[in-house]
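Visitor: Below you will find the structure I want to go over with you.
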Amino acid sequence: SETDPPNFIQKQAIDVVTDINMLRVFKTFLETTPQLVVQIYILMQHGKNNFYQYAAIIMSFCGISFSTVDYQISLRKSLPDKDEFRVLPKLVYLFYKLLTITSWILSISLITLLSVRSSVILLIFLWICGFTWTLKQHTTFCKSKKMEYLYRTVVGIILIFTFFNVKGRKTKVCIFIYYVTHTVVSLGILLVYMFWKPSIIKEIHFTIVSILTILSLVLGIIFLVVYYRCFHPTAYCRPQACSDEVDGEAGQKDRMQIGRFQNFIMQ
């Protein structure tokens, strides 16, 4: 309303931008990641070297990673008392997402090349795990139950490819289990190739993809540890001492302090 102070109006605008960026992340993972898996699968299946295909794959990986960084930047601005997302943390977070997502999508492409049925079963199983974890978080981001379950379904799909904190709580154990699982599955896929189809190992595409999978996984975990040890805030909301306020301003401040994780896409 016209009586709202400028800082409250600015906070509302930032919140809306954060919601838009989150929806952009949803669109990216629902649209780009399946296409990326299919592109890599076709490239390895036919073994044709095409510069435009490689360029498209690289741009897709970068697009997915940049969307997660944009969302993180908006989220940092929307959450109260959260440190500013500076250049170095942005780069560390970008490389963490880029490398871990790259490793995992390459692993999915490898198992798809081995057996499409096994790949579908693995993805469905991972989605069920992600959806179940989201249900246990008891999210309340949407106004209706139907939209809430749709939200949880989409988050389950995102969790197939990268970790997504849906409640803003401490997730040290969850993220450790998540990436340990991805590491075990990725190494398991490579071991299956060694014992099941050793002839494919001699192909140049498999060698390149395998090296990239392991290298990006190791580097991605390193950037993950650096980010969460050095640049990730330990708390989203910190209590602040309040001085005497003019009548009417306290209510507006309370409205601004509502946690973003309590009203995520309710505007």
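The backbone N, Cα and C atoms fix where each Cβ goes, and this holds for glycine too.
From TrEMBL, here are the annotated features:
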{"type": "TRANSMEM", "residues": "51-71", "note": "transmembrane segment"}
{"type": "TRANSMEM", "residues": "91-113", "note": "transmembrane segment"}
{"type": "TRANSMEM", "residues": "119-135", "note": "transmembrane segment"}
{"type": "TRANSMEM", "residues": "147-164", "note": "transmembrane segment"}
{"type": "TRANSMEM", "residues": "176-196", "note": "transmembrane segment"}
{"type": "TRANSMEM", "residues": "208-228", "note": "transmembrane segment"}
Visitor: Looking only at residues six or more beyond either end of the transmembrane segment (147-164), which have a C-beta under 8 A from one in the stretch?
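Guide: 25-26, 29-30, 33, 64, 68, 97, 100-101, 104-105, 123, 126-131, 133-135, 139-141, 171, 174-175, 178-179, 265.
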Visitor: Any contact between the transmembrane segment (176-196) and the transmembrane segment (51-71)? By contact I mean 3+ C-beta pairs closer than 8 Å, pairs at least 6 apart along the chain.
Guide: no
Visitor: Counting only residues 6 or more past its boundaries, what in the same chain has a CB within less than 8 Å of a CB in the transmembrane segment (91-113)?
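Guide: Sequence-distant neighbours of the transmembrane segment (91-113): 33, 36-37, 40-41, 44-45, 61-62, 64-66, 68-69, 72, 85, 119, 122-123, 161-162, 179, 182, 185-186, 189-190, 192-193, 200, 206, 209-210, 212-214, 216-217, 219-221, 223-224, 226-227, 230-231.
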Visitor: Go through the chain and flag residues at least 6 beyond the ends of the transmembrane segment (51-71) whose CB is under 8 A from any CB in it; none is fine as an answer.
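Guide: Result: 18, 21-22, 24-25, 28-29, 32-33, 35-36, 39-40, 43, 90, 93-94, 97-98, 101-102, 105, 161-162.
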